[in-house]
Amino acid sequence: MLACLPRRDTEIDFSTYVNQARLFLAGERDYRAIDPIGGSGPCVYPAGHLYIYALLDKVSAHAAHLLPAQVVFGAVYLVTLVVISHLYRMAGAPPILIPMLALSKRLHSIFVLRLFNDPIAMLFMYIATWFLCRRRWSMACVVYSLALSIKMNVLLFLPGLLVILFRAWGAVRTIGSLAGLIVLPQLLLGGPFLASYPASYLSQAFDFSRVFLYEWTVNWRFLDEKVFVSPKFSRTLLGAHALCLLAFGLFRWTQLGTQGVSWIKVRWHGDRTPMSAQYILLTLWTSNLIGMICARSLHYQFYSWYAHQLPLLVWSSRLPAALSVVLLVLIEAAWNTFPSTPASSLGLLLAHLLLLMGIWTRRQHAPMHVE
């Protein structure tokens, strides 16, 4: 909370976000027109983002006073730590991992100084995960949809979530939950914009073709800029993402790769035995890690997408203790290097790949079901 002490030039996009929200409050419903003068561009996040920053606009007196907003984000940080700590306990992680959750300098900046929307979306995602571990499947889906309404990075968790829901509910109910508990809230929250300018809303809030600026990339700085922006590189990453998800889906999250269609038939109406919290966390967080490894670009605020998951992922990988520490240090160092360098980006990629390989090759440590 000491980060909340008055500082100059701490926010980057916060004033743009609240001015976008003010345009919405003034009656603007065309997403392409929610582009405040002097801002960093039109709104590119779903409707929940605007609702959140409309509240923060009031709290900060139209971004004139940042301290109240920073206190709100400080509270978001503390609540996130509480939820994550409880998830670690549910997964049976050793207590020594808990203090590591609060050590990141970059995370403190992202939450309390920069006032990005990523931490808010991730708080909802972690609450949804808590509901999953408590086997409150319907509530988890609704809260997941709320997270998605703030920023669509939580789609990276969706492959793992679908596996979990299939095991919990079976095929038919999982499909129904996607429509009624995830898609429907998106339609309701986006209703004011979908009713007026649907194409504008969908193309802006859920733009999958956006090309990020090379100057902000944390993970691909060692590549030439021409390669970074090329469609071929984008397709390569998409293919790698699909292959990694397929491999984990067939051989790690399920036994489809060894049992074939019979694995699906037995669980068509749901698994008979409950999944363990550790299995749920590893499935979701590995799904997210794969997405981040294959992301077209990672910006500094994206560290909040997985920073709190890293200690448990490293512990679950069963890599040697010294190597585990090196990986965590490499990752944290890469995210604290500004601007990024070829060395920091390459180190981040190698650390990610080693961690993913450790998770892939680990012996069965996380019980799939509760004993």
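Every residue gets a Cβ built from N, Cα and C, even glycine.
Summarising the annotation, TrEMBL assigns transmembrane segment to 66-88, 108-132, 144-169, 175-195, 236-256, 276-298, 310-331, 343-361.
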Could you give the residue numbers and ranges of same-chain residues that sit at least 6 residues beyond the transmembrane segment (108-132) on either side and whose C-beta is under 8 angstroms from one of its C-beta atoms?
1, 3-4, 7, 10-14, 17, 45, 49, 52-53, 56, 66, 69-70, 73-74, 76-77, 79-80, 83-84, 86-87, 90, 139-141, 143-144, 146-148, 150-151, 153-154, 157, 161, 164, 280-281, 284, 300-305, 308
Residues sitting near the transmembrane segment (310-331): Cβ under 8 Å, six or more positions beyond its termini, same chain?
88, 91, 93-94, 97, 100-101, 278, 281-282, 285-286, 289, 347-348, 350-352, 354-355, 358-359, 362-363, 365-366
Per Cβ pairs under 8 Å, the stretch of 144-169, 236-256, 343-361 packing most closely against the transmembrane segment (276-298):
144-169
Cβ pairs under 8 Å only, please: of the recorded stretches 175-195, 236-256, 343-361, which one is richest in them relative to the transmembrane segment (144-169)?
175-195
